[in-house]
Amino acid sequence: MGIGLVRPAPEEEIQAMVEEISASNIEAIITKLVSFGTRHTLSQQNSSTYGIGAARDWIAAEMRRYAGDSEGRMSVVVQSYVQPVASRIPFPVRISNVVATVRGSEEPERVYVMTGHYDSRVTDVMDYTSDAPGANDDASGTAIAMELARILAKRRPRSTIILAAVAGEEQGLYGAGYLAGTLKNSSTNVEGMLNCDIVGSSTGDRGQRDPFTIRAFAQGPPSYESATVAARRLQIGGENDSPARELARFSAEVAANNVTGMNVAIIYRLDRFLRGGDHTPFLTAGYPAIRYTEPNENFDHQHQDLRTENGTVYGDLIEFVDFKYTARVGKVNLATLWSLSEAPGMPRNVTIDTTVLDNDTRLKWIVSNSTAVASYEVVWRSTTASLWTKMLDVGKVGEVTLPLSKDNMIFGVRSVGINSKKSPAVYPFPG
C-alpha cells in the first residue's frame, strides 16, 4: 500500500537561491557586528559605533538597503518597546527588533518567520560594559537572517516571510517574546518559525568536527495544550507528532540534500540542557517552531569573559567561527523557508475515526477551496520510526479509508500544490 517516501530533488529555483548565499557576506556581517564592542541589551543605545544601539541601527540600514531591490515587496521596521524592571533587567530599557517582511504574492496571510538574536553577553549576564563579541552567539544567526533578507528581497514568495534580528535573548527572550506576542495579538497565521542560534562553528570542545550537520531541536507535546488534549495525545501515541516535530521532519525532507550539503539531525527536545532560545515564545503562542544549533558546542566560546587561562582562550571570538559552515546552515534555512512558502497551507481539522473496532484507518479533513491545492497525500510510518516512510496521493478529497491498522502505524495528512510542493504533515486526532 502506498509508495516509499522519496525526498524531493531541489528545483532549479531553490538551487539558484541557495547558491547566492555567500560565506564572504556572512563573514563581513559577523565582523561588523563584533566591531560594536558589546551588544548587551543593557548597553548604550546613543552611539553610532558602540553598543547595541549602534548594532541595531546598522542592521536596520542594511535591511533597508536590501529592500531597495524588492520593488516594494519588502518592508523593514524597527519594532521597539520599553521593558520595565524584570528578571535580568535592573532598569527600564528599550528593546528593539529589526524586522524585514517579504510580503507573499499569492497568500500573504500565511506567514513564516526566521530569527537570529543580535544581543550578546559575557560570563556575568548583568555585565553590559565589557566587550562581548558574540560572534557565534548569535551574530552567526543574525548574519543568516540578513543574508536571507538580501536574497529574498529579489524574489516573489507565495506566502509572507519574516526575517528578524531580535534583541533581549540573553536577558530572557524578551525581543522574541514581543515579536511572537505582536503576531499572536494580530491573529497572524504563523505556520512555521525557525530560530538560528549558535550556528557558527563546526568544531566542538574536544576537537570533534561535523561540518555538514545542523541540529534541529523540536518540542514534543505542546505546552499550550489543555490537560484534556495533552492526555488524549499521550493516549493515542502522538507525543512525537507535535506541530514542531512535523516542522522539523519537513526541514529534514526538503533541506538535507546535496544542494545544501547538510544533514538535519532532529533532536526530540525543546532545547539543550540548561539553555533556552527564541523559538520558545513562539511555541508558547501556539506556533510551530524549531531551533537550529551546531552539532558540537564549545562552551569555552560561549558566555565567557575574554581571557586566556592555562593556555586556553576563552570568549566568543570571531576566530572560532567557520563561515562556510554558517553559510551552509543558511542554505538549510533558505531551502526550508522557500519550500514552506511555495507549498499550500497545512490541511485543517485532520481527524481519525476511532469509533469502531476494525483494522482499517479512516481519515478526514477539510478540503481547501484554494485553487493552489491539487490534492492531499497521506503519509505514514511505524510507531518507532522518526521520519515518514510511506505516502499515498488520494486526490482532492476530504476523507479516505485505508486497509491499514491504525494501531500499528502513525499517520499524517499533507496538502499537495498544483506546483507539486507539499506542506508539513498534520497528525490526526480522534474526531
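Note: Cβ is positioned from N, Cα and C throughout, glycine not excepted.
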For the Zn(2+) 1 site, Swiss-Prot lists His117, Asp197; sort out which one of Asp57, Asp69, Asp137, Asp241 goes with them.
Asp137
Selected residue, Swiss-Prot feature N-linked glycosylation site, from candidates Asn240, Asn369:
Asn369
Shortest C-alpha distance to Asn310 (N-linked glycosylation site) - which of the recorded positions Asn185, Asp197, Asn369
Asp197
Least surrounded, by Cβ count within 10 Å, of the glycosylation sites Asn258, Asn310 is Asn310
Just to be sure I understand the packing, how many Cβ atoms besides its own are within 10 Å of the Cβ of Asn349 (N-linked glycosylation site)?
12
Let's check the environment of Asp197 (Zn(2+) 1 binding site): how many other CB atoms sit within 10 Å of its CB?
26
Of Asp137, Glu170, which of the binding-site residues has the most Cβ neighbours inside 10 Å?
Asp137
Roughly how many Å lie between the Cα atoms of Asn349 (N-linked glycosylation site) and Asn185 (N-linked glycosylation site), rounded to a whole value?
23
